[in-house]
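Pulled the feature table from Swiss-Prot, pasting it below:
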- 526-547: region 'Disordered' (REGION)
- 52-72: transmembrane segment (TRANSMEM)
- 111-131: transmembrane segment (TRANSMEM)
- 163-183: transmembrane segment (TRANSMEM)
- 189-209: transmembrane segment (TRANSMEM)
- 240-260: transmembrane segment (TRANSMEM)
- 268-288: transmembrane segment (TRANSMEM)
- 350-370: transmembrane segment (TRANSMEM)
- 380-400: transmembrane segment (TRANSMEM)
- 415-435: transmembrane segment (TRANSMEM)
- 453-473: transmembrane segment (TRANSMEM)
- 586-606: transmembrane segment (TRANSMEM)
- 615-635: transmembrane segment (TRANSMEM)
Amino acid sequence: MNVNSSAFERTNRFPSFPVLKDDQKTSSDSIAAAKKKDLLSLISSKSLLSSETLGWFSVICAFSITGSGLEVNTMSIPFYLIFGIFAFVSFTTQYLGIYSFSFQPFQLLNVIIASLSMVFITLGAFVLGTLDTTCLLLLAFKLFFIRNDPTPFNARSANLKNYIAFPICLFVINHILILLGYFQCSYSVFYASVFYILLGVFIRVFYLVNKEKFEKKELAFLFSSIVVACLIQFNVLPLGTINLSVTRFTILCFMQIFCINWDGIARIQFYLGKFDISLIMALISAIINKTASQNSIKIISCLYQVGFCFFKIGSSITANLKLPDNSRIYRLYNDFIVNGVLADKESRSIFYFFLLNVSYMFVQVIYGLWTNSLGLISDAIHMAFDCIAILVGLVATTLAKMPLNYAYPFGFAKIEALSGFTNGIFLVLISFSIVGEALYRLFHPPQMNTDQLLLVSFLGLVVNLVGILAFNHGHNHDHGSHHHHSHSNHSMCLPNTTNDINIFEEFEEEKDNVEAQKMGYTNDDHVSQHEHTHENSQEHHHEHNHNHDHIHKYNEKCDHESISLQNLDNDHHCHHHHENHNMHGIFLHIIADTMGSVGVIVSTILIQWFSWTGFDPLASLIIAALIFVSVLPLIKDSAKNLLSVTDPESEYLLKQCLSNISLSNSVISLSNPKFWTNERGEVYGILHIQVSIDGDLNVVRNEVFRKLSIAVPNLKHICIQSERPNNCWCGK
């Protein structure tokens, strides 16, 4: 009784920790899993990273960044340069199908339309504030979509009053500020900005409607817009050149990628109360943004305007964020990050280094904006390209691990070679650009400020050294050549099977099992025999026999004959060039950055000692030469891999072996020999043989397989199809 009472007291004292039985634990685990699934679905369905919401938010941020005073040093950007950059962005995004849902077909006319629209709105947003630009956008959209209404203002007065009243208030405020001299802008520039924004919106929405009905109007309106663009370019109209910082203009260009998709703007319902405190604060922020002299106050007012536009004006979008494409974001994150990058130790280390690189890049950007240092911002932009290269390598690593399928029976391993080749070409272009800039600076030495170079270069060197350590001391297990010699009286087994080959074997066996379940007995009407011989660490071959004179049960166990190569004598030399071109390319990027940091440190010290700025271009020339020399082997090897080239040694052995096989009495001819070497030095091949009537198909095929296995020790996979004369499906 005492034991039971004490147990009762314990269970009452700690009621939240009951002792569960096995079935209760299983039920509890299932409930926890269900709750976790519901939470993940909630996160994925309520994600802010949907195409519509992200596009709307990017539009607002683009306007804010355009008109904010984040940097003092600016550069003059002409109209043609703005149009050229936006044309490139529009062409790339529409050609690749990125955030271009409003343009169904890819046409050059659509690229021009999107480019003109983005240029006009950028010019207008450069002068006006975030609220002004956003409200004019919404007003233009609404006026366009009710243009065919017989009584638009009577029928839709309740909806239009906010769209019209708020821009009128901002218009009056801007006029008063210009009159008082607080808003440093002329009336002509102000009116031109309003006109540009309206024109950009009308160009954009004209091509959202039925093209058959408004085809002539579209062409006429487009021609008028091109005329306006030409007048701006030749400074007949204002804002032919705008003064923007490099950072703001670069961020603006990236923002415009998401700004292409504006379908959600047409569905925004703008409801504001007469005495809404947020409305009053928005008008005050517009006044502060025009009159404040300190950048910090302007930034605070811009942030409030972004929040007001996104959550108040765009409330009809933010109130319903459950869009169908949100689940794909979580699925992409789970497949790429969790099951792809983080599942492998090597790629996980590179991913952590990528996060460190991105973090350091943002630190450089923030500190560069804070101190107005062009050197820090330039180095951050350079590091951004390195982050892109590392990200491409990580994507290639994940895609290369995708399972085989019927469409890609040899897998996706060549993606790594393609990534390595791309990174190699990119490094060659970088080395050429460094040489050109260094030669110019060598003969035209600029004035250099070396106060912050040592600190920035030292921090960059530390980050790159961490990246080298992430590769396990230079990625020594993947780079370099590994030589294996096999002579007589030595074991002659093939290398261990890689994951790709295991997957392929399982893929073939699974296909056979599916066919076995579908078919019980077969009775073929023709004489044909098709064998596939697969060689892996277990050295087995797989046969499929179809003969008209017997019945073969598919549910019987298939015959797997093991061919042991342990006691075979061979005096050939086997060479394996074991290299991952993708990781090699990433590693060379880190090495190039490391050499750059070291070069900057050494040149900075020499400049401070001898006061000659020529040490900087000399160090750049040495670094460019080292990058060029180190990247050539990567380009050469990855190009051979992409072209499916057989290495010279294996090619010589294959020619000798195939020549000996062709002399056999049972072999009439050999056709379609295709052999190639992958990046691990393993040989793959396909071969058709025609066997005489006197020869046995199985015996001849096994003999061919045995001879090839002995002659080419690094033969990994060979598919041999043995046929009777004049009975091959390929016509040989």
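Backbone N, Cα and C define each Cβ position, glycine as well.
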At a C-beta cut-off of under 8 Å, are there same-chain residues at least 6 beyond the transmembrane segment (380-400) that contact it? List them, or none.
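Counting only partners 6 or more residues beyond its ends, the transmembrane segment (380-400) has Cβ contacts under 8 Å with 250, 336, 340-341, 344, 346-347, 350-351, 353-354, 357-358, 360-362, 364-365, 368, 411-413, 415-416, 418-419, 422-423, 426, 460, 582-583, 585-586, 589-590, 593.
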Honestly, do the transmembrane segment (415-435) and the transmembrane segment (615-635) touch, with at least three Cβ pairs under 8 Å and pairs 6 or more apart in sequence?
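Contact criterion met.
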Grab the same-chain neighbours of the transmembrane segment (111-131) for me: Cβ-Cβ under 8 Å, and only residues 6 or more beyond its ends, written as numbers and ranges.
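Distant contacts of the transmembrane segment (111-131): 60, 62-64, 66-67, 79, 82-83, 86-87, 89-91, 94, 100, 103, 137, 166, 170, 174, 185, 189-190, 193-197, 199-201, 203-204, 206-207, 222, 225-226, 228-229, 232, 239, 242, 244, 252, 256, 259-260, 282, 285-286, 289-290, 302, 305-306, 308-309.
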Apart from its near flanks, which chain residues at least 6 from the ends of the transmembrane segment (586-606) lie with a Cβ under 8 angstroms of it?
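Here the qualifying positions are 350, 353, 383, 386, 389-390, 393, 423-424, 427, 430, 450, 453-454, 457-458, 460-461, 464-465, 467-468, 471, 474-475, 479, 612, 615-616, 618-620, 622-623, 626-627, 630-631, 634.
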